[in-house]
């Protein structure tokens with residue numbers, strides 16, 4: 001009976017939901033491709049971006065494949081018995097996450113030019129194309145996670161049965177391999193992508209704007225295509241892979257913790273099924289939410305997008321209540337009932353939105369912190385940096401208070417499982433949330449293409465308006481990504497502790513204390529390496545652009561064509577090379593600490609890396625965001641305006657902020673989750689090793 | 001018998017050693033005052049600095065006194081029975097630490113001008129005066145700690161007896177009040193001083209150098225005296241109070257942990273006496289080491305100072321073996337013997353020096369990181385900042401590895417007590433270490449005075465040579481201060497756990513986890529407030545200097561005298577006002593968390609604040625130090641030299657680095673110790689409250 005229920009549930013909610021999302025994405029994709037790709041010039045230039053993005057992906061996957069094969073082989077060899085299937089699940093995780101990135105990038109680059117062209121017909125058509133592009137990304141991510149995870153669960157229960165012990169010690173460890181696969185792609189996309197995008201940006205700006213004196217987004221600049229590709233790589237594929245990882249992680253973590261709830265078998269299995277059903281419910285709400293996004297005359301794009309996300313959230317909340325009623329009803333488990341479960345979901349949902357809004361309050365145009373930075377620009381670059389650092393540091397307090405409160409309250413409601421449910425609740429409307437996130441870079445790229453393809457100024461005005469909304473949603477998305485990374489990491493290492501069979505971890509054990517200290521320093525090492533990598537990659541890019549200008553003097557007079565491909569290639573190769581060392585550090589530290597220092601010390605490291613990493617990530621993301629908007633405010637006329645000394649200072653701030661917010665900060669999201677997932681995957685080996 | 005032994009030990013080692021150190025300091029002081037104070041101009045200008053320093057101290061103490069009275073009253077009222085004496089111990093701690101700061105500043109400001117004048121006779125006489133000034137500071141700190149702590153211990157055992165339980169639950173809690181007193185002064189001196197010195201610096205530079213175009217250290221600049229006072233306040237009184245706090249903290253912590261060793265009463269009491277004897281032995285070694293510092297022709301000042309510190313360290317190591325032999329001999333305790341004890345001391349000693357040397361390797365002139373920054377200055381201020389941040393982050397890894405190894409090894413040798421002994425071992429030669437630290441600002445001030453009093457250029461060359469050595473010693477001293485703060489904080493919260501009667505602290509308890517997260521964010525909040533405070537204080541200073549230049553136009557033509565006092569006063573008032581909120585946060589957080597969240601959550605907060613705070617402190621101190629030296633290298637002709645674009649970029653780096661390294665970074669040392677000490681002091685109340 002139970003068996004039947006679970007398989008049915010996973011078939012309907014997981015496989016069914018996943019397929020529905022992919023079909024939805026397919027329809028949206030076909031609609032996008034039916035839109036006009038615009039003028040010939042636009043098609044040609046957009047083709048370069050599209051080709052560049054695919055060049056990045058294909059090279060990334062070429063680097064990835066040997067890596068993935070090595071890890072899969074390791075999992076097949078190091079494990080025994082049924083756990084060897086971890087390697088298959090790992091491959092599936094890498095494949096689905098990679099596929100989601102591929103689809104997202106492909107459609108985003110197809111939507112760019114179509115958004116530009118649609119903007120000739122006004123704001124609303126352009127919004128519709130850009131948002132549809134984002135929707136494909138969002139639906140693909142959620143659909144592939146649901147499909148992949150439930151396939152593994154169904155296959156696992158079909159192979160090994162479904163009593164709770166089998167699920168906990170055989171099937172869920174296999175599923176954690178899926179999570180590791182997703183994390184590997186996230187590492188390459190988010191960290192490699194983060195290095196790529198900034199190297200391209202710096203190279204394009206420094207040689208093109210400063211040395212050659214040509215404007216931004218000028219097609220004569222050989223690095224300009226790489227710069228536009230970078231936006232897609234970093235903000236579409238990178239953000240998607242990051243949240244794919246969070247989603248899988250919270251799903252796996254919450255299923256593991258469901259089985260540890262002190263309740264009868266039947267109830268534990270119901271709770272075990274809850275995360276998948278919840279995800280399906282969230283997906284349904286997101287799909288419906290997409291239809292709420294209708295820009296009409298008199299309604300700003302921001303309001304249209306808000307209608308979608310808030311509508312989806314409200315619907316998801318209502319459906320959560322229904323789900324909890326059907327699953328738990330009047331029964332209780334470990335002192336909690338259906339309303340406690342609903343409470344945990346809602347707290348996560350509210351926390352995610354609150355962290356996003358806080359991010360906006362600390363980095364948005366015309367907010368107190370950004371105004372302070374604008375003022376400090378009057379006294380030069382040094383005060384600009386000091387104020388930005390101070391404001392970024394200050395901004396860390398409130399999200400941490402929210403995360404802390406979320407943990408405490410959700411734990412009080414439903415124990416450790418409650419925290420996991422809150423983490424999942426934060427991501428419940430991920431489908432539409434990601435759609436809104438990915439919309440930003442599409443609108444941004446559309447603007448760049450409009451300039452390069454010589455569209456009239458009115459088109460750029462429209463894409464600029466879409467883009468300015470994109471900046472706000474990007475800020476919210478970033479806060480969201482960090483918040484969910486924190487909660488995901490916490491439930492993953494909590495799950496690790498369960499799966500490794502460790503009991504209480506004594507904080508006063510010196511190995512644990514030293515583990516926390518070591519963990520606290522890793523985010524700094526990781527950030528330092530990531531920022532250092534940008535310098536090296538940018539250096540190669542600068543050399544290349546200079547070389548092209550020198551060897552093909554016709555480029556500047558429009559008589560020769562720059563070699564865009566080489567710039568993309570150089571940035572790609574360098575980014576992927578530079579991310580190897582930080583990647584290896586992140587992946588090997590848990591293995592080394594786990595086998596040399598023990599399980600307790602590893603938990604210490606994970607706690608240290610999470611606590612220190614989350615705070616550092618918020619600091620870097622928010623300082624960077626605030627500097628960015630301070631510069632935009634000054635360029636908009638505040639505090640002296642374009643060309644003033646204050647403007648120069650604000651450019652310094654923005655340049656410092658770029659690697660903070662687009663490379664090091666987001667990379668930390670991956671770091672903390674990846675280290676926890678690696679630990680979770682090796683938990684059975686550690687348990688066997690330490691006895 | 002035991003009673004007799006302990007009292008005798010404390011009388012001889014503690015009171016005797018303390019008095020000896022103070023007598024030594026007195027002799028040095030009298031010798032300094034016998035040296036010529038130089039020309040009339042020099043005496044007059046040095047008088048301003050001296051008056052300014054005293055003005056700062058007297059105003060600081062006026063703010064402090066009500067604060068101290070309130071805390072003392074709270075301790076007298078909130079405690080019951082014999083623990084009420086905590087308030088007296090607290091007053092004594094505040095008094096002795098304040099006295100040490102007063103003596104240090106008084107003698108340092110007297111040594112400044114005498115060093116300038118001695119420099120007319122050559123390098124060696126100048127070195128001798130400057131180092132003697134530092135020696136007074138070093139000996140006063142160590143002497144007052146020993147005298148104060150042993151007086152309380154003797155009085156306590158005389159009042160209440162000396163069985164281990166009485167010592168642990170009555171006398172040592174009273175002694176922790178002494179530690180809190182020291183921490184309170186450290187908070188005001190280090191944080192308030194850090195704000196003061198940077199506000200004065202920025203004010204002097206911005207209006208004097210930039211707006212009025214007069215050189216640095218020009219007596220026409222009204223803020224120049226405040227700037228020189230700032231060096232004394234920050235680097236002499238601040239550093240002294242910081243290490244006073246570390247020394248008291250490790251002393252108290254190691255005595256508490258001695259009593260928890262699993263050994264017979266007799267042995268526990270011997271171990272309990274060990275820290276005081278060890279301190280006395282280190283003091284003796286430092287005093288002898290002072291005589292090794294003899295600059296002769298052909299020997300650089302650096303070598304002379306090294307002879308002193310390394311000689312003292314070697315001697316201390318030998319005497320430690322003798323002490324351990326006499327105290328423990330062939331007996332064993334909890335599986336350890338005298339050599340394990342010696343090992344713990346030496347590991348601490350080596351760790352302290354290693355962290356110092358690492359600091360030098362990451363911030364010193366012509367090191368790889370600083371050369372990288374110099375190179376990045378070629379491409380502007382933004383890359384200067386990015387590279388400096390990256391290098392600072394990278395530099396955090398190695399000190400943390402050393403601290404981690406120190407904890408693990410010393411724990412393996414002698415358990416928790418071993419960690420405490422390592423912390424004390426790091427500070428064993430504090431007398432001479434502080435002398436070397438305080439020598440730097442004296443040499444720096446002597447140079448400033450030489451310029452202001454119109455001494456020939458040769459004198460400035462000599463003080464510059466002394467000063468350049470001072471920069472290296474300052475870097476080492478900073479690393480040392482952070483390392484000892486980390487270890488002190490760790491043994492203090494370990495002691496807190498013991499004194500609060502808590503058993504194992506389960507890291508997987510959500511309150512503990514949330515505590516760690518909250519703890520991790522506090523250093524960021526504290527740093528943000530400290531850096532923000534500089535901006536506000538500097539603003540008032542800038543206004544005042546502008547006002548003086550405007551209302552007294554004769555200042556610039558040397559026909560009117562600037563009002564130095566007002567500048568000192570403004571910077572002082574503002575610094576003390578601005579440090580209130582961070583101070584209150586640091587002091588009240590443990591109280592709130594302890595009473596609202598519980599003892600376990602408080603331990604979590606302390607662990608989080610220590611792990612996150614230490615890493616952040618190293619990052620900020622080293623980034624700042626590296627930017628400083630990159631600027632000096634460029635001013636010395638590297639990478640374009642003075643006046644180049646690279647020089648401008650390096651000035652931005654240095655200006656950003658100043659609050660990093662002189663305010664926020666060092667303030668974090670205080671934060672982590674203060675929060676642990678506050679917890680330790682309220683431990684009996686928490687134990688009573690939570691039952």
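Even glycines carry a Cβ here, placed using N, Cα and C.
Please treat TrEMBL annotations as automatic predictions, because they have not gone through curation.
Annotation comment: TrEMBL describes A:6-27 (among others) as transmembrane segment.
According to TrEMBL, the transmembrane segment annotation covers A:63-82 (among others).
According to TrEMBL, the transmembrane segment annotation covers A:129-160 (among others). Within the chain carrying the transmembrane segment (A:129-160), a Cβ under 8 angstroms from the stretch's Cβ atoms is held by residues 3, 6-7, 10-11, 13-15, 17-22, 24-25, 28-29, 31-32, 35, 82, 85, 89, 92-93, 96-97, 99-100, 103-104, 107-108, 110-112, 114-115, 118, 166-167, 170-171, 174-175, 178, 182, 236, 240, 243-244, 247-248, 251-252, 276, 279-280, 282-283, 286-287, 290, 293, 305, 430-440, 442-443, 446, 466, all 6 or more beyond its ends.
Panel annotation: around the transmembrane segment (A:166-188), residues 60, 63-64, 67-68, 71, 75, 82-83, 85-98, 101, 145, 148-149, 152-153, 156-157, 160, 241-242, 244-245, 248-249, 252, 255-256, 259, 272, 492, 499, 576, 579, 583, 586-587, 670, 673-674, 677-678, 680-681, 683-684 of the same chain, lying at least six beyond its termini, place a Cβ under 8 Å from a Cβ of the stretch. Sequence annotations record features per position, and here TrEMBL assigns transmembrane segment to A:166-188 (among others).
What TrEMBL lists as transmembrane segment is A:271-293 (among others).
What TrEMBL lists as transmembrane segment is A:305-327 (among others). Listed as Cβ neighbours of the transmembrane segment (A:305-327) (distance under 8 Å, sequence separation of 6 or more from its ends, same chain) are residues 131, 270-271, 273-274, 277-278, 281-282, 284-286, 288-290, 292-294, 338-339, 341-342, 345-346, 349, 353, 425, 428-429, 431-433, 435-436, 439, 469, 473.
If you look up TrEMBL, you'll see A:339-359 (among others) marked as transmembrane segment.
Within the chain carrying the transmembrane segment (A:408-432), a Cβ under 8 angstroms from the stretch's Cβ atoms is held by residues 21, 135, 138-139, 141-142, 243, 246-247, 250-251, 253-254, 257-258, 260-261, 271, 274-275, 278-279, 281-283, 285-287, 289-290, 308-309, 312-313, 316, 320, 334, 336, 340-341, 343-349, 351-352, 480, 483-484, 487-488, 490-491, 494-495, all 6 or more beyond its ends. As annotated by TrEMBL, transmembrane segment applies to A:408-432 (among others).
According to DSSP, residue A:474 (site 'Determinant of potassium dependence') sits within a helical segment. In sequence order, A:235, A:437, A:440 are the residues of the chain that are 6 or more apart from residue A:474 (site 'Determinant of potassium dependence') and have a CB within less than 8 Å of its CB. Here TrEMBL flags A:474 as site 'Determinant of potassium dependence'.
Feature annotation from TrEMBL assigns transmembrane segment to A:475-496 (among others). Away from its own ends, the transmembrane segment (A:475-496) comes close to residues 179, 239, 242-243, 245-246, 249-250, 252-254, 256-257, 348, 351-352, 355-360, 363-364, 399, 402-403, 406-407, 416, 419-420, 422-423, 426-427, 433, 436-437, 440, 602-603, 606-607, 609-610, 613-614, 617-618, 621, 625, 661, 665-666, 668-670, 672-673, 675-677, 679-680, 683 of its chain (Cβ-Cβ under 8 Å, at least six residues beyond either end).
Feature annotation from TrEMBL assigns transmembrane segment to A:579-596 (among others).
A Cβ distance under 8 Å defines the sequence-distant neighbours of the transmembrane segment (A:602-622), meaning residues of its chain 6+ beyond its ends; these are 359, 362-363, 391-393, 395-396, 399-400, 403, 478-479, 482, 485-486, 489-490, 493, 496-497, 502, 505, 511-524, 526-527, 589-590, 593-594, 660-661, 664-666, 668-669, 671-672, 675-676, 679, 686. Among the features that TrEMBL reports, transmembrane segment is placed at A:602-622 (among others).
What TrEMBL records for A:670-690 (among others) is transmembrane segment.
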Candidates A:6-27, A:63-82, A:339-359; stretch with most C-beta pairs under 8 Å toward the transmembrane segment (A:271-293): A:6-27
Folded-back contacts onto the transmembrane segment (A:63-82), same chain, C-beta under 8 angstroms, at least six residues removed: 88, 90-91, 94, 98, 159-160, 170, 174, 177, 180-181, 184-185, 188, 576, 681, 684-685, 688
Other parts of the chain folded back onto the transmembrane segment (A:6-27), taken as Cβ under 8 Å at six or more residues beyond its ends: 103, 135-136, 139-140, 142-151, 153-154, 157-158, 162, 269, 272-273, 276-277, 279-280, 283-284, 287, 431
Intrachain neighbours beyond the transmembrane segment (A:339-359), with Cβ under 8 angstroms and 6 or more residues off its ends: 274, 278, 313, 316-317, 320-321, 324, 328, 395, 398-399, 402-403, 405-406, 409-410, 413-414, 418-419, 421-429, 475-480, 482-484, 487, 621-622, 625
